[in-house]
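S.K.: Copied straight from TrEMBL:
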DOMAIN    28-147  domain 'FZ'
DISULFID  Cys109-Cys133  disulfide bond
DOMAIN    173-489  domain 'Peptidase M14'
ACT_SITE  Glu459  active site, proton donor/acceptor
REGION    594-613  region 'Disordered'
Amino acid sequence: MNPYQNARTGEKVISQIHFIQESEFFPSKCVDIALSSCTDVAYTQMMYPNFLDQKSREVIEYSSEYILISVLHNLLQGECNPDLRLLGCSVLAPQCEKDKVIKPCRHVCENLKKNCLPAFDAIDMAWPYFLDCDRFFAGEEEGCFDPLAKLRGEVDVEEDLPSDLPGTFIKFKHHSYSQMVSTLKKTASKCSHIATTYSIGRSFEGKDLLVIEFSTKPGHHELLKPEFKYIGNMHGNEVVGKELLIYLAQYLCSEYLLGNPRIQTLINNTRIHLLPSLNPDGYELAAEEGAGYNGWVIGRQTAQNLDLNRNFPDLTSEAYSRAGIRGARLDHIPIPQSYWWGKVAPETKAVMKWLRSIPFVLSASLHGGELVVTYPYDYSRHPMEEKMFSPTPDEKMFKMLAKAYADAHPVISDRSELRCGGNFVKRGGIINGAEWYSFTGGMADFNYLHTNCFEVTVEVGCEKFPLEEELFTIWHENRDALLNYMEMVHRGIKGIVSDKFGNPIKNARISVRGIQHDVTTAADGDYWRLLPPGTYIISAQAAGYSRVMKRVTLPAKMKRAGRVDFVLRPVEAWPNKLLRRSMEDPYDPYDPLELFDPHAQHGQPEARGGSPPGREKPWWWSYFSSLDLHKPLWLLKQH
């Protein structure tokens, strides 16, 4: 029988052969992405079938692979997301351009797998087969694309400025997240010998919390050079601080190159860190409302609906309970274990980790909604009192710091009461935070009570999201105040604590008689102690060493930190074992923060147990209960 005849009728079979040949003349086309979990990818079109040979939207949406990327955010409690979802979308909804599919880059998959595999291990889940970096991804030489570029601000970059503009040109505009990233990276590239960018971690939605740093040795702590930081946009709808820090970064770079002596002196003698946006997720919500919207709610909180300035550990209550105990210190208070029982934002963890990695001396957080400078404590000495003066042991120094910003700001220092911030005129534009209004879990109190860092809060204006035409004026009102406050990091004393052989002593305590708050030495034995003018008895002490005391006088007009070094001699017996242990290890060894990686986001609870044959399925298996015949057995670990 003719092989091309129907076995039953003898009719020639040509239609099937013709159909196969015809498909070659009607190849697949690019189509718009209609998958709800993939609508925020950096491209707009995909192609069917995808890399898993799924030929329609319906097939994809009812697949276990698609359900997985839709629920990973919940399964991993926000860890490694949206990175994993976007990576999965690059396989399920592959990028299509000019009717050709582009594979995602293999190195992106490999880096994400390396960082996120522990999060899967923590919930006893295998790495998804469709994220096989060798099978579905391509090398750069093959022409791949980075599906996570949007998270790093490599999409929607700010337009290039004309080349003939002066070096000090700053474009006074509102910056989207990606425009902010682009501007900071361009600024760091322009001043690469004194600037660099780095990320302290990720927001809940996966955006890098980008910092630009200025120093003569970017990326490194230098002996006796103090560390300073500004943080903006802690509340996403308070955007002025964010823009001010973007402008400040450009200003520092340009003025340094132009030879401005004030800027060169500042950068040559200080390591400066600017974090323009601590809450980029909230900013996006606020930006949807647009400039001129003076909202008090939308965008204030994070994507987890958390207020970052209420999310830090309450160490102030512990400080109050210690205050009446003789010999008790109101510094380097450990984080209570109960704190970790609540919801802690990844942004909060990133800041706390950052504070432990760098010996910051001075800081300010820029907010909006008023025009005033506040200083700790922010939490009232009596919790039932909403407005109660609650000073720290460093009340004089904090007032001096707050006034340094307020007095250099032409509007805050204006004596008119009929203006924004007029309620604080009689106080000189500054106020103790708890006396204004009391709240717990604030970042400024945490800085002071857990680290060496002094931090104030600057409310930079009554409009939280002003129109762009107002930004130029706002910058000029705040520029000198921003610089003046940074220069305050050089007040007080600094020095090195070492043994008789010149070896630095880490974690030595520097105490000031009459002030119940110590600072500790950094890894190289150097320290900085902010102090107002006056005469002090300063002592240095470390575990296993004798105490050394010195009398120090700081003149009123002295604007550079006095050098006070200490050489400690070892002692055979240590009088107080508890004190010795606390000085050797200021942080709780079981503190979850020590295990938290803000970049790889490994901060998952320990695995809840395996699912070997004969045992019940993992807790997350119920997410796939709607799939009868196609349950993802490939997610179960083989034991």
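Positions of Cβ are set from backbone N, Cα and C atoms, glycine also.
Predicted automatically and left uncurated, TrEMBL annotations should be read as such.
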S.K.: At a 10 Å cut-off from the C-beta of Cys133 (disulfide bond), count the other C-beta atoms across all protein chains.
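M.R.: Within a 10 Å radius of the Cβ of Cys133 (disulfide bond) lie 19 other Cβ atoms.
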S.K.: Roughly how many Å lie between the Cα atoms of Cys109 (disulfide bond) and the residue listed as 'active site, proton donor/acceptor', rounded to a whole value?
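M.R.: Approximately 42 Å lies between the Cα of Cys109 (disulfide bond) and that of the residue listed as 'active site, proton donor/acceptor'.
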S.K.: Hey, how far is Cys133 (disulfide bond) from the residue listed as 'active site, proton donor/acceptor', Cα to Cα, in Å?
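M.R.: Each residue's Cα considered, Cys133 (disulfide bond) and the residue listed as 'active site, proton donor/acceptor' end up 48 Å apart.
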S.K.: Only counting partners 6 or more residues apart, tell me which same-chain residues put their Cβ under 8 Å from the Cβ of the residue listed as 'active site, proton donor/acceptor'.
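M.R.: Set apart from the residue listed as 'active site, proton donor/acceptor' by at least 6 residues yet with Cβ under 8 Å, we have His367, Gly368, Gly369, Glu370, Leu371, Val372, Val373, Thr374, Gly421.
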S.K.: Quick check on the domain 'FZ' (28-147): DSSP residue counts for helix, strand, coil, in that order please.
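M.R.: Each residue of the domain 'FZ' (28-147) counted once, the result is 53 helix, 16 strand, 51 coil.
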S.K.: What count of other C-beta atoms do you get within 10 angstroms of the C-beta of Cys109 (disulfide bond), across all chains shown?
M.R.: 24
